[in-house]
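Asks: For reference, TrEMBL lists these features for the protein:
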REGION    281-312  region 'Disordered'
TRANSMEM  14-34  transmembrane segment
TRANSMEM  41-61  transmembrane segment
TRANSMEM  67-87  transmembrane segment
TRANSMEM  108-129  transmembrane segment
TRANSMEM  135-153  transmembrane segment
TRANSMEM  174-192  transmembrane segment
TRANSMEM  204-224  transmembrane segment
TRANSMEM  236-256  transmembrane segment
C-alpha cells in the first residue's frame, strides 16, 4: 500500500523486495555494459527497459497499450537504432591510474561540486517546501546523483577488468573509494525515486526521470571522458536526434497511457462510416442535418409568402 506521503511503507512488502532483486540483476548487466561501452550510448538505451516493461505489462497485467503507446514503442526502437549507429567514441581508459587522472580534471571537479551543492539544496531546502507538490524536486535529486553513480560504475568496471587480468587492484584505494561512493549514490537514488513514485503517478515520474537522468549522465560523461570531443558533426546530430526520438517515444508511451483512443478522434475521412463512399451518412451527419432542417423550410416559407404578397 502507498502512503502517498513519501514514506517507507513499501519496505514491508515482499513484492517490493522481489522487484528490487530483479532490478539488481538488471543493474548488474547494466554495470557490465558500462565497462565495455561509452556511457553516452548505454544510458539512453535504458529506454528499451521502459518499452519492454510496457509490452510485458500489457501481456501479463492486462494493461491497455493504446495507439499512442504503440507509436511510442516504435519511436523508442528507432531512436535507439539511430543512437547505436552514431555512438560516440570515448577516450581509452584502461587502468585506474588513467581514471584517477580524469577524476582530477578541473572541469569534472567543478561539475561534481555543482551537482553535490544543488542536490543538498534540493534535499534540505526545496524538499520540505515543494517535495509534496512538485515532481521535479525529488527527480532532480535522483538525476544529479545518478550522473555521479554512473561515473563510479565506469571506474569499478575498469577495476574489475584489471582484477580479472591479474593486477593487484585490491590494494588500490581508488577502487574502494569508488565502491563506497557508488553505494551512497545508489542509496540516495533509490530513496528519493521511491518518494517520487509514492507521491506522484508513475506515468508522470518515469518520462521526466528518464529525460533528466539521461541528460545528466551524458553531460557528466562528456566532461569526464571527453566522448564528444572527437565526433564529427554528422554523428553529433545523429546522437542528439536519436535521443530526442527516444524522448518523444517515452513521452507518448506514458503521457497518454490512460487516454482511450476511439475512432471518433480520427479525421472524418478515416472514420469507419466515411471509409466507404457507398455507405449512408453517419448518425452525426443525420443529427446535424436534422438541426438545420427547421431553418430551411422556414426560409422557404418566408420566401414563398413574400412572392404571394407581391403577386397579390
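If you go along the chain as it appears here, the first residue is 1 and each next one adds 1.
Using N, Cα and C of the backbone, Cβ positions are placed for all residues, glycine too.
Automated prediction, rather than curation, is the source of TrEMBL annotations.
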Asks: Check the transmembrane segment (135-153) against each of 41-61, 108-129, 204-224 and return whichever range has the most CB pairs under 8 Å.
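Replies: It is 204-224 that shares the most Cβ pairs under 8 Å with the transmembrane segment (135-153).
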Asks: Under an 8 Å Cβ to Cβ limit, what residues of the same chain, 6 or more beyond the ends of the transmembrane segment (204-224), are close to it?
Replies: 38-40, 43-44, 46-47, 50, 90, 102-103, 105, 107-108, 111, 115, 135-136, 139-140, 142-144, 146-148, 150-151, 193, 196-197, 243, 247, 250-251, 253-255
Asks: Counting Cβ pairs under 8 Å to the transmembrane segment (67-87), which of 41-61, 108-129, 174-192, 236-256 comes out on top?
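Replies: Most Cβ pairs under 8 Å with the transmembrane segment (67-87) come from 236-256.
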